[in-house]
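Visitor: Here it is: the structure, laid out below.
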């Protein structure tokens, strides 16, 4: 569930970790634009197809029909024939009833036309509304097609982004990038000099690494799914037959490709079919370290043999790769192996899961274990026993070990003042120079940080820095891997090695420079009531410049800045005169960068030159022309960014209004939230997602507020939720909803809330706290319902252990079934094979509802689906269910089924009425 924001979890499916990401909102309520949040999380691929056509057009599917309307004609005709033989009185009654029905139908039809979908505003008009002075936004009489759910799920509204693989040249040249694709003449895999892309410098030609996308080895065709060139660009590491494991991890067959001969061989020639979990180039390009069956191996390219670095890895011991909880909640990746810069040492984790309890995840259709059942056992589910530590249970014991490449020796270094084995979480490892390495660790509850400096040559270590974050502001340490080593360079004013880290400073997260490496006192590079994001992005060692992304302009924006290494001359690289959301990826020497503009207008990407005082644009590599055409053709919602104040805290809000919004009408309102600690959902990225579809096609208002606990609004607002997840967050949702309910254009009797993962928990917690007073409906997907059921590392970071905070866990659990029963109705959906938020959460909730005789809910399970709910078309089904359920809610259908009673047919009611009218 790693989401602390800016990374994972940025779709409606927000895995709970997520991640970290950002953007900035205006300080007024008059700003509207077209930005939204991306539907799909970083590691999540869009649904691979458009899901085909619908059985009914949108107008048919959501058309209001009176119950029984289609069945009226035949009984009516029959009764009229009978009445004809009975005299004029019956005929008069018949025609009176016909006229009444016709009048009712006409009235309903008029109401449908005036209260249904309005004319659609084009995207260009919505873009013009960006500078609107009216707090109500702007409207347009122009027409445009509504956004469809098929488009959203099929990824048609996703911007195109290119990932550039910057590499250093063999002679440390800057501005080189790896590009994949193209014909045989261009080369499938090549290294380009960015300065040659303009076509005015023929002296810098591309170097082709692979001519073809398919490689043949002993008559076998190898189709690589990913490639990694060696640092000297003479070899390429290939992976084929890649299979996903968990969110970030995978296995595959690895091959070493020789550039000169254009031939390949297995990474381990003695075991060509062995599935490898991880492979990493040596900085010297002469060896590859890899993990197979949880053991580390070294392959020197000068030999076909491999050296076993470890031998006892297996089911309970992991070497070089993380276990489930470290992969999900700490590293956000598949590697815990690090080469030293001089290629003399390898650092790696030894993870002991012996004491970690197992949780069974069942699969009823697929067999992800790959095990073929014995004859007669085919009808039993496939069960994966996951070592999954829950709060208060034993955690994996993780140690840092080292391998001396020359001596072929594994060793560890004992450090005084280290955390105990059961109280240690290693969150970052960073090699410095001359065999020195920095290690950042926290205690189990993630509120004490310790930084150690280890010398692998002398095999000694010491504590160099410690921070009691809980004592500072009641907060926690968020795991990150963005610390940067800054080597000594006396000629450039750096007499000692140092590093740049992100630290809490006056209530916000800022950049600090520590030098020498053992200096506990920092030189602050940034300060103020704003925060840096995953910083620093890069360090220019020649000019002493630090590049970073920050929220200096507003919490919902991201701009790129640079500052001198002494903390002076902080300046933006991007245009801060208007709202923007940028990301950046720098070349090896920081002379060039890939600048990505993500919103609020149409996203684009460009290569920039940072050598001078002013940046220059080298090449525009993506302008999303197709997306521009779609924006012009479709009626996107107008987005109004504003702030609200709740209990003295300023919170960011975005309101998505239907096209051609009419303030004289009354609109239903859907609140969408995630709300996890450090996350962000209100930002200035261009996004067309499920919320956009709801506003554009269904005609409802969608509101999102980032309440207390979320990121980039200061540590005071963020840390207040610690130990009591859900309380302040739900309070802020309800308080904001009450503000919207009081607006003249809102129908306060039709308000709903929905979310996924942590957002699912927040949906239920909000309904529980609200008890039907503000929200009538809710939709929770893959929710946590009791934090004792989630994983230990994430949960204890924000809740402490259950032993230290039993009341907090009780308060955060969904327990008040009577309060939930006050809602009109709510929906809960869950993947039956969710390895992240276990199905246990929803099943225990259902049991509580049963025991309390609560029936005002619907539930849906998806077999073999994990937290993202994708298996066998499930992702499409989830969103169609959400859409249909919401329409039924706002159409009043759930009121009709609250207390069902048998009903006689209309024909029987008619006959009874006629008898009563007879003399």
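From the backbone N, Cα and C atoms, a Cβ is placed for every residue, glycine too.
Straight out of Swiss-Prot:
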- 757: active site, charge relay system (ACT_SITE)
- 834: active site, charge relay system (ACT_SITE)
- 867: active site, charge relay system (ACT_SITE)
- 1-10: compositional bias 'Basic and acidic residues' (COMPBIAS)
- 21-38: compositional bias 'Low complexity' (COMPBIAS)
- 200: N-linked glycosylation site (CARBOHYD)
- 352: N-linked glycosylation site (CARBOHYD)
- 643: N-linked glycosylation site (CARBOHYD)
- 811: N-linked glycosylation site (CARBOHYD)
- 1-53: region 'Disordered' (REGION)
- 1-92: topological domain 'Cytoplasmic' (TOPO_DOM)
- 114-919: topological domain 'Vacuolar' (TOPO_DOM)
- 93-113: transmembrane segment (TRANSMEM)
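Could you place the listed features in the three-dimensional structure?
Guide: Following the DSSP three-state reduction, the secondary structure of residue 757 (active site, charge relay system) is coil.
There are 22 other Cβ atoms within 10 Å of the Cβ belonging to residue 834 (active site, charge relay system). Annotation note: residue 834 (active site, charge relay system) sits in a coil segment as assigned by DSSP.
Secondary structure from DSSP puts residue 867 (active site, charge relay system) in coil.
On its own chain, residue 352 (N-linked glycosylation site) has 316, 317, 396, 397, 398, 399 as residues at least 6 apart in sequence with a Cβ closer than 8 Å to its own Cβ.
In three-state terms derived from DSSP, residue 643 (N-linked glycosylation site) belongs to an extended strand segment.
Under the DSSP three-state reduction, residue 811 (N-linked glycosylation site) is assigned to helix. Sequence-distant contacts of residue 811 (N-linked glycosylation site), defined as residues of its own chain at least six apart whose C-beta falls under 8 angstroms from its C-beta, comprise 724, 726, 727.
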Visitor: Along the topological domain 'Cytoplasmic' (1-92), what average pLDDT does this model show?
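Guide: So the average pLDDT across the topological domain 'Cytoplasmic' (1-92) works out to 35.
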Visitor: Which residue, out of the recorded positions 643, 757, shows the minimum number of other Cβ atoms inside 10 Å of its Cβ in this structure?
Guide: 643
Visitor: Roughly how many angstrom lie between the C-alpha atoms of residue 757 (active site, charge relay system) and residue 867 (active site, charge relay system)?
Guide: 8
Visitor: Take the C-alpha atoms of residue 643 (N-linked glycosylation site) and residue 867 (active site, charge relay system) and report the distance between them in angstrom, rounded.
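Guide: Cα-Cα distance, residue 643 (N-linked glycosylation site) to residue 867 (active site, charge relay system): 32 Å.
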